[in-house]
Amino acid sequence: MYWLWKLGLTSLLCLIFVADGEYLIGLGSYDMTGPAADVNMMGYANMEQVTAGIHFRLRARAFIVAETQQGGARFAFVNLDAGMASQLVTIKLLQRLKLRYGDLYNEHNVAISGTHTHAGPGGYLQYVTYSVTSLGFVPQSFEALVTAVELSIAQAHDNLKPGSIFINTGDLENAGINRSPSAYLFNPPEERARYPRDVDTLMTLLKFVDKNSGNSVGAFTWFATHGTSMSRDNKLISGDNKGAAARFFEDWFGGSNINASKTINKRPNSLSKMLKKASKIKATGGQECPKNASQSSKVRNYDGSRFIGAFCQSNVGDVSPNVLGAFCLDSGKPCDFNHSSCHGNDQLCVGRGPGYPDEILSTKIIGERQFQKAVDLFTSAEEEITGKIDYRLVYLNFTNIEVVLEGNQVVKTCPAALGPGFAAGTTDGPGVFGFQQGDTEINEFWKKVRDAIKEPSQYQVDCQKPKTVLLDTGEMFWPYAWAPAILPIQILRLGKLVILSVPGEFTTMAGRRLREAIKETLISNGNGEFGNDTHIVIAGLSNTYSQYIATFEEYKQQRYEAASTLYGPHTLSAYVQEFKKLAQAMARGNKTVAKGPSPPDLSSVQISFVLDPSGDSPPPGVKFGDVNQDVKSGSFKKGDRINATFWSANPRYDLLAEGTFSVVELLRGEKWAPVYDDDDFCLYFMWNQKVDASGSYGFATIEWEVPEEASPGVYRFRHYGSFKKTRDSPIHYFTGASSGFTVS
């Protein structure tokens with residue numbers, strides 16, 4: 001078989017070239033943007049937040065580390081610009097990896113973690129709770145994710161080479177605040193006294209260096225802050241602050257070669273000459289083009305040679321990037337401390353980012369703060385990682401775990417359930433009117449609504465206390481399961497770095513307790529192999545998704561995070577207990593850990609109400625790619641916003657993976673060169689649908705905020721797209737360019 005031949009060749013090359021290297025390292029990246037129209041975004045559960053364009057593209061970024069000896073241990077870690085990982089994505093990915101590589105990559109040594117952006121397409125999770133607002137399963141979203149993870153791992157695998165890995169840590173103070181500070185205060189005072197702040201400020205960075213060339217090939221960081229700089233009203237696909245940090249980091253490392261406009265050697269013409277030249281450049285009109293035409297207009301080359309920078313999520317549960325705090329929309333005063341509401345109305349209490357009221361500016365600022373800290377850690381990283389690679393994974397039925405507490409008291413976890421505080425939402429995204437964070441009672445109206453859906457059993461009511469059950473998701477199975485029961489927990493080891501892959505959002509204090517318990521377990525069972533210099537990192541929202549994990553004390557107040565802690569008040573204790581068992585097995589070298597019950601594959605029962613576009617056609621006399629509203633004539637300066645609108649078709653016919661819908665082109669001599677595209681923070685692609693008697697079509701608006709580094713010159717916009725005339729007809733590809741304009 002092909003994969004056996006390829007695997008054998010890779011192993012042979014490893015034996016030849018790794019004499020001086022302790023590890024093999026490989027990094028990869030692939031476009032996972034998904035449908036830019038008609039699909040509900042995953043995160044805020046806002047039915048009206050439907051994709052309508054792209055701010056900047058989403059990516060899957062992967063690293064693989066392997067021991068150099070033949071058959072040595074390895075693992076792959078993938079960071080997604082997505083709300084969270086998905087069990088179904090993991091299941092289907094592993095099937096594809098098995099076809100490629102046999103058993104080399106499997107459920108034990110592959111981890112997938114989400115950045116928790118709330119601005120990516122939804123519909124890719126298999127449980128009903130997470131697909132209600134997306135109107136069910138969205139195959140296009142799902143396929144974009146699975147393919148991107150697969151190809152990022154494949155690229156990382158193909159890039160494996162001898163390398164060194166360095167680790168560095170440092171504090172980032174101004175990129176997150178606790179959005180549930182009253183719940184944090186429920187934790188014991190003596191515990192809180194051990195920490196200077198109510199959020200974790202530590203960033204951990206891994207730096208990957210090619211041993212042969214000495215060149216850095218990538219870096220991965222872990223830091224806790226929510227992907228909620230972009231609001232619940234945003235409709236442009238965005239990686240939010242962590243995606244922005246990754247873009248800034250990769251472009252920083254790439255230097256001046258990223259945007260070609262930075263490398264103009266020729267002295268620019270005078271403004272009058274540029275204006276004269278621009279005035280002669282007219283819109284091209286719509287034209288047919290090859291399928292891969294947009295890929296040829298990409299500014300960045302993603303062939304595996306680029307530096308890869310990833311910003312991973314950690315124990316993010318109660319950490320908000322809206323660092324100015326939460327204020328009432330009507331009065332401008334701070335919100336109620338205990339409930340984060342205004343006069344009892346949760347919808348009036350909204351957090352403010354550092355760029356308030358500009359959410360894109362807030363995204364940029366929080367992204368830049370993470371990026372700048374990463375650069376600081378990257379440039380000063382000197383501590384090299386050595387030691388073995390190891391991994392453990394187990395599946396657990398979290399609905400009935402027996403947990404032994406201090407004093408040998410035995411308690412149990414519960415079937416999944418959500419409380420009324422969940423419906424209230426958070427200061428990052430307020431929820432439904434009539435609920436407040438901290439609610440432990442439900443009025444009669446909502447009780448009737450609840451009971452009409454599913455009345456909770458008495459066992460569930462008693463088990464979940466002090467949470468009042470609003471949605472009994474763990475006991476709801478029509479049309480299929482509403483919430484996960486079986487969850488994976490996973491430990492990855494890279495020398496003195498230990499990564500805990502958790503399938504949810506741990507609050508700050510919950511994460512601290514888990515990290516400390518695992519470190520203590522490793523040290524006490526590792527026969528000197530682990531010490532105080534062991535780094536424990538939580539990789540949040542990994543492998544599947546099960547919402548939040550609050551501490552037992554935080555659970556008492558029933559703010560949003562506690563109301564969303566699915567498996568009852570002892571959820572965290574169950575995690576700590578079971579992770580300690582896994583850590584003990586790792587420390588003692590026990591590889592015969594029982595895997596536990598496998599999670600279900602629910603792909604065959606998924607329901608989707610999102611229809612594919614059924615065919616587009618422009619009005620008579622118009623072609624797709626024609627300009628509908630051209631750039632205004634004249635000269636523009638740095639900071640100006642310039643736009644043009646094109647007749648276009650639904651962007652879901654082809655997602656243009658590793659391509660672009662929008663391009664800014666710069667005239668160089670007699671040729672046009674792409675200098676900005678969908679991957680750039682300064683460029684916006686906006687889509688607007690229109691259906692009337694003359695046809696079904698839309699308008700694509702390209703808007704450019706001219707950045708400071710843009711060179712003076714003559715520019716134009718170019719748009720790429722695709723369409724079908726009917727649902728069953730072949731896809732046609734088109735392009736068109738605007739008139740010319742100048743930047744001085």
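Note: Cβ is positioned from N, Cα and C throughout, glycine not excepted.
Residues near Ser320 (active site, nucleophile) in space but far in sequence (CB under 8 A, at least 6 apart, same chain), listed by position: Gly176, Ile177, Asn178, Arg179, Thr225, His226, Thr228, Gly351, Thr426, Thr427, Asp428. Here TrEMBL flags Ser320 as active site, nucleophile.
Summarising the annotation, TrEMBL assigns Zn(2+) binding site to His116, His226, Glu505, Tyr548. With a cut-off of 8 Å between CB atoms and residues at least 6 apart in sequence, the same chain places His116, Asn315, Val316, Gly317, Gly540, Leu541, Gln547, Tyr548, Ile549, Glu561 near Glu505 (Zn(2+) binding site), listed in sequence order.
Sequence annotations record features per position, and here TrEMBL assigns domain 'Neutral/alkaline non-lysosomal ceramidase N-terminal' to 23-577.
Feature annotation from TrEMBL assigns domain 'Neutral/alkaline non-lysosomal ceramidase C-terminal' to 579-743.
For 1-21, the entry in TrEMBL reads signal peptide.
Ranking the binding-site residues His116, His226, Tyr548 by other CB atoms within 10 A of the CB puts Tyr548 at the bottom. Sequence-ordered, the extra residues of this chain that approach the Zn(2+) site, with Cβ no more than 8 Å from the Cβ center of His116, His226, Glu505, Tyr548, are Gln313, Val316, Gly317, Val319, Gly504, Gly540, Leu541.
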